[in-house]
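Q: According to TrEMBL, the transmembrane segment annotation covers 12-35, 62-83, 90-113, 222-246. The disulfide bond annotation in TrEMBL covers Cys156-Cys186. Feature annotation from TrEMBL assigns region 'Disordered' to 254-304.
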Amino acid sequence: MAREDSVKCLRCLLFALNLLFWIMAICVLGVAAWLRDYLNNVLTLTADTRLEEAAILTYSPVVHPVIIAVCCFLIIVAMVGYCGTLKCNLLLLSWYFGCLLVILCVELASGVWNYEEPPILRSDMISLKSRMPNYGLPRYQWLTQAWNFFQTEFKCCGVIYFTDWLEMTEMEWPPDSCCAKQYPGCARQAHYWDLSDLHQEGCGPKIYSFIRGTKQLQVLRFLGVSIGVSQILAMTLTLTLLWALYYDRRAPDPPEQCPPGTDSGPHSPCQVEDTTKPSPARPVEAWTPALPNGHTQFEMEQIS
C-alpha cells in the first residue's frame with residue numbers, strides 16, 4: 001500500500017512538471033518572438049558599429065535558432081513524459097529521461113558559451129549619428145522604417161536630442177515619428193509652435209539600455225533557469241518512478257529451501273516442501289460384470 005501511494009504521488013508530481021514545461025516553453029517562444037522584432041530594428045540602426053556586436057552578444061542566447069528548437073522539442077518531450085506517466089510505460093519514461101538529459105546539456109552549453117558582458121560604453125552611442133543622413137532616401141527605406149519604429153516604440157527622438165535631425169540631415173524639422181501624438185505634419189507643427197509635443201529623450205540611451213538588458217530579457221533568463229531546475233527535478237522523479245515500477249513488475253522470489261536437518265517450523269524463514277502429503281486420489285469407477293439379457297443397464301441404474 002505504501003509503495004502504491006508513493007507511485008501515485010510521483011505520477012502527480014510528473015504531471016504537474018510536464019504542464020509547467022508546456023507553459024514555460026510557450027512563454028519563452030512568445031517573449032523571444034517579441035524581442036526578435038525589436039532586435040532586428042536595433043541591428044539595423046547599429047549596423048557596422050560596436051553596438052551591433054554587443055546586441056548580438058547579449059540577445060543571441062535567447063533568440064538563437066538552437067534555443068527556439070530546444071523549446072519546441074521540450075514541448076514534444078513533455079507530451080511523451082505525460083503519456084509515459086499516464087500509462088506507466090517503462091520505455092516511454094526511459095526515453096523521456098534521456099531527452100531531458102540531452103536538452104539540459106544543450107542549455108548548459110549554450111549558457112556557458114554565450115555568457116559574456118557586452119563591451120560597450122555610453123560614448124559609443126554617438127556612432128548612431130552616422131546612420132541619420134540616409135533617413136528618407138529611396139535606397140534606404142529599411143533604415144527609415146527602423147528609425148520610425150524605434151522612435152515610436154521607445155518614445156525617443158534623435159540620438160541625444162531631437163536637434164540631431166537638424167544637425168545631421170538637411171531636414172528642417174524632425175520626422176513625424178518623434179511626435180507624442182502622430183499625424184501627418186505633426187513634427188512641423190510641433191517644431192514651430194510647441195516643442196513639448198516632441199519626444200524629449202534621445203534614442204541613444206534607449207538603445208544602450210536595450211543592449212544592456214531589458215525586463216523581457218531578464219524574464220527569459222529567469223525562465224531558462226527555472227526550466228533547468230525543473231528538468232533536474234523531473235529527471236530525479238522519473239528515475240524514482242522507473243525504479244518503483246520495475247520492482248513492482250518483478251516476479252516474486254521462490255520460497256527458500258532448508259537444508260536437511262534444519263528446523264522448518266511456522267516461524268522459520270525457509271520452508272520445506274512436504275513430500276509426504278498424498279496426492280489426490282482419482283475417483284474409482286465402479287466395475288460391474290456384464291450380465292446377460294440387459295441386466296447390466298438395470299444394475300447401473302440402481303447404483304446411480
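Including glycine, each Cβ sits where the backbone N, Cα and C put it.
Remember, it's a predicted structure, so these values are computed and weren't measured experimentally.
Give me the local environment of each listed feature.
A: Tertiary neighbourhood of the transmembrane segment (62-83): same-chain residues 14-15, 17-19, 21-22, 25-26, 28-29, 31-32, 35-36, 39, 89, 92-93, 95-96, 99-100, 103, 106-107, 110, 114, 217, 220-221, 224, 227, 234, 238, selected by CB-CB distance under 8 Å and a gap of 6+ residues from either end.
Non-local contacts of Cys156 (disulfide bond) by the CB criterion (under 8 A, 6+ apart in sequence, same chain) comprise Phe150, His199, Glu201, Gly202, Cys203, Pro205, Lys206.
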Q: May I ask for the residues of the chain that lie six or more residues beyond the transmembrane segment (222-246) and have a Cβ under 8 Å from a Cβ within it?
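A: Result: 3, 6-7, 10-11, 13-14, 17-18, 20-21, 24-25, 27-28, 31, 62, 74, 81, 85, 88, 90, 93-94, 96-97, 100-101, 103-104, 107-108, 111.
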Q: Using Cβ-Cβ distances, find the residues under 8 Å from Cys186 (disulfide bond) that belong to the same chain and are at least 6 apart in sequence, listing them in sequence order.
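A: Listed in sequence order, they are Asp176, Cys179, Asp197.
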